[in-house]
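**Q** Dropping the structure in here first, questions after.
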Amino acid sequence: MILVRRFRVLILMAFLVACALHIVLDLLPKLERRAARPSVEPGCSCAQPAAEAAAPGWAKARGLPEEPPAPASAAGDSGWPNKHTLRILQDFSSDPFSNLTSHSLEKLPPAAEPAEGTLRGPDPGAPRPRDPAHRPLLRDPGSRRSVPPPGPSGDGSLLARLFQHPLYQVAVPPLTEDDVLFNVNSDIRFNPKAAAENPNWPHEGPEDEAFLPTGEAAVDAYPNWLKFHLGINRYELYSRRSPAVEALLCDLGAQKITSVAMKSGGTQLKLIMAFQNYGQALFKPMKQTREQETPPDFFYFSDYERHNAEIAAFHLDRILDFRRVPPVAGRMINMTKEIRDVTRDKKLWRTFFISPANNVCFYGECSYYCSTEHALCGKPDQIEGSLAAFLPDLSLAKRKTWRNPWRRSYHKRKKAEWEVDPDYCEEVKQTPPYDGGQRILDVMDMTIFDFLMGNMDRHHYETFEKFGNETFIIHLDNGRGFGKYSHDELSILVPLQQCCRIRKSTYLRLQLLAKEEYKLSLLMAESLRKDRVAPVLYRPHLEALDRRLRVVLRAVGGCVEKDGLRSVVHDDLDPEHRGSTRR
């Protein structure tokens, strides 16, 4: 009996020791951050963001540079809504299959040094004039100040001349209450509990916190990301002259980061970053240098996602006047102060380490490419990446996910039906929602957009559920574009070649961008030059845009010769026609 009792006591002691070790390991991140914080005045709040603290001792001991403290934020200004957080308003993608397309474990070669080459286009030009035909989407019962539209300065701007062209002055149809995603003057109360149900974000604080300003606050006092959300309507993600978009790009590159968490799912690591103005963005870190091409033997689903492709996709989408990509900006991130010190994600925090080259590294958790062999390392703790603005949260603006009819098989040997059936488009056009409305034309726009980038990874797309089938396609997840500049993937154009349909506005803009006075590569170079991580694209990628644009125009020309102009080109510029059918 004595032996049995001693054995029980030993088991109990071992259990208590294990529990104590577990508690200590869980408290380590908080204790280390707390020890690194400087002492504060007795009257100061103890809930200061961790990013303001000095770098922890483990980074100092290795000689990593420190940054000066960030300037005070305007979040506490009198014009701001008196709310605790606005995080509920945002989400990046509702697609449960987003980025779940890589089924290969091939390893990519090490990256080389970044290239500095880029096309030298004209310097930024004069401010763009406000579109007189554009109806304001933000409705405010109070007085409103006149804000000049943002744009390049100087008379030599090629972008300014492009956006003044009549093809870029076509107004959207008059907006009704049903055509606007959010109505500022409505009595909508947003449910704060939805934030606690979001699995992508650790929630702290009471569930009944108020998250959203209602009609009491002036629209001008809203943060730029909220103005961007309020500008979404049935026909466009943002208007051509929206001041909020340019301001949001600046916010993405400069706003103080207050919290970081890993995005669940996906083959590659992506981080959700929250800012001091309660905005959120999806961060994709740099994995390849500008000039590094995807190896020719690699399958599209085993390719890296490129941060610079996300940035370039936004600018290309805007130059094509689709305006279906959320704003994306490049940024240099301090991995110590802006990720490790502010994250509450323990799984992410535990993957940080110091490399043999004395650089700060981490790898996170994901399906593939999240290991010490594929770690993301700074120089020594600075890493480049892209930040994509979130769309409105699904609890406020539901989105519907659609399978792309021309989705690839994502198999090394198996081919998709459209690859073996030349009449596949006829079958698609008999299937809702492609049997009516403008959806098939939206898919053709998306096809041209993907071909210009060389993106073969368009497996799904999304639309806002409020607008039904009569609305635009949102162009999300463009990270696998701009992988090859020496190869044009003609299979991406198959939908256009099989259906032989295109909008007149799209066709005319493509012809305009093929002219020397409005050369697409020069427009892209000028637009990308304003980004904080410029040059965004390697020069051969810019030259490939001009080459691929000519391929698209030849494909449309072949359709016109075969089926006739009226059969191929849909006239969406006729006011009467646009008034009777949705865009």
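Every residue gets a Cβ built from N, Cα and C, even glycine.
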**Q** Given the ranges 57-80, 321-344, 417-440, which one is assigned the annotation region 'Disordered' in TrEMBL?
**A** 57-80
**Q** Average the pLDDT scores across the domain 'FAM20 C-terminal' (352-568) and report the rounded value.
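**A** A mean pLDDT of 94 is what the predicted model shows over the domain 'FAM20 C-terminal' (352-568).
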**Q** For Gln268 (ATP binding site), what is the tally of other C-beta atoms lying within 10 angstroms of its C-beta?
**A** 21
**Q** Across all chains shown, how many C-beta atoms besides its own are within 10 angstroms of the C-beta of Glu305 (ATP binding site)?
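**A** I count 26 other Cβ atoms within 10 Å of it.
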